[in-house]
Amino acid sequence: MKPYTVKPAQGVRGEISVPGDKSISHRSIMLGSLARGTTTVRGLLRGEDNMSTLKAFQSMGIETVDDGETLTIHGKGLHGLTEPTDVIDCGNSGTTIRLISGLLAAQNFFSVLTGDQYLRKRPMKRVLQPLSLMGAIIHGRAGGDKAPLAIVGQKLKGISYASPVASAQVKSSLMLAGLYADGETRVMEPSVSRDHSERMFRHFGADVASIPGGVVVRSGNELEGREIVVPGDISSAAFFIVAALIVPGSELLIKGVGVNPTRTGIIDILTAMGGSIELLDCRELSGEPVADLLVRSSILKGIEIGGDVVPRAIDEFPVISVAAACAQGRTTIRDARELRVKETDRIAAMAANLRLAGGCIEETDDGMVIEGVERLNGCAAESRGDHRIAMSMLIAGLAANGPVTVDDTECIATSFPTFTALLEKVAC
Ligand SMILES: O=C(O)C1=C[C@@H](OP(=O)(O)O)[C@@H](O)[C@H](O)C1
Ligand SMILES: C=C(OP(=O)(O)O)C(=O)O
């Protein structure tokens, strides 16, 4: 347990850079390992989730050198991984376990994947079921839905799969399997999820193409080592964007944030609520759009949120619920049932925590209804071991009328190890 307390702030001011994008960091380690030759990654997120991915590839014979600035990966080509001699521990990372399940299903060796107490409760059938259609042999607890997973690598065949959920993890897992499968692998999704895999596959020379509502991968191309620069994580920037909007007297510049349109739901939602967020100096890094964000405190208004914007902002709903609790009027969030199967049930966790802070919030099956209050209270909040819940409640503390203490903030290291240091830098 590592409690942390945030006191009400007079403003959130200055200039910061947030650490590298978690999704892009995972994919750069994976594709760098599968490519021939050297890949260099600058701006890699060194959070616990990404370190789980890095250790997984090291345990399969990949050599890496990290000088603190650049991670160098000595890739061994598509068929260069070796059988891990022990169980691979994916820690808290859904992205690690789901993506590498697709990759390992196609290797000529046996592997076992597990994770922490939270990851072992999360559903895996969403990837294992389509992988089994490709010919994968994967056993898991709870009828094949929960880790630990035992994977007996096989020759796979391409399939055409329409995923019932918009999930970049499902899509990417099948894309990785598709690098090895006979023929082509098509994945369709009900609305667009983050497309970092598509962009990075292309960057490394894989045969990948966008099709209406999805993506197609053909096996055959070797991947070639590349130089990658990872942009700042918009999911991490989101906490500071909301902080600057809800604390009066704020003006914050967040430099070098990834603004891939499949991730900018948070900007669209907060702008629709009346938030002042300017995109400055838009540019491109390794095939990903980047901008500096200038955020000024704003009077927010409640809105209706649902549909296609939801997967484009999926990790941001905990902090969006904080913004909604500080807005005028009612915010309704729909179509966000996926929040119930993240590190924790994020709908239940935010409803309980915001109520402790004097918020007026009702849970629905697939979202929440939040009535804004004039000012949140100080309170003792519970992270439930979920990094995004911990950070969201600390942001709520900046705008509350008394201190907010979060009971356990160790989990923040999952995605944003420098969070409290940056908070102390900009909160006045
Ligand atoms: O592919 C990725 O990097 C991720 C996809 C999302 O999960 P789902 O695919 O389950 O929506 C997101 O919540 C997660 O933090 C990262
Ligand atoms: C849900 C998340 O990640 P993952 O699924 O990789 O554990 C997250 O970072 O909010």
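Just so it is clear, glycine is given a Cβ too, placed from its N, Cα and C backbone atoms.
Caution: TrEMBL annotation is automatic and unverified by curators.
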Residue in LYS2, LYS55, LYS146, LYS342 which TrEMBL records at the 3-phosphoshikimate site where LYS22, SER23, ARG27, SER167, GLN169, ASP315 also bind:
LYS342
Among ARG27, GLN169, ARG346, please name the binding-site residues whose Cβ is nearer than 6 Å to ligand 1.
GLN169
For ligand 2, the recorded positions of SER23, ARG27, ASP315, ARG388 whose CB is under 6 Å from one of its atoms are ASP315, ARG388
Enter the number of other CB atoms within 10 angstroms of the CB of ARG27 (3-phosphoshikimate binding site).
26
Nearest by CA distance to ARG388 (phosphoenolpyruvate binding site): which of the recorded positions is it, out of SER23, ARG27, SER167, ASP315, LYS342?
ASP315
Among LYS22, SER23, ARG27, SER167, GLN169, ASP315, LYS342, listed as contacts of 3-phosphoshikimate, what is the widest Cα spread in Å, to the nearest whole number?
20
Note the mean pLDDT of the domain 'Enolpyruvate transferase' (7-420), expressed as a whole number.
98
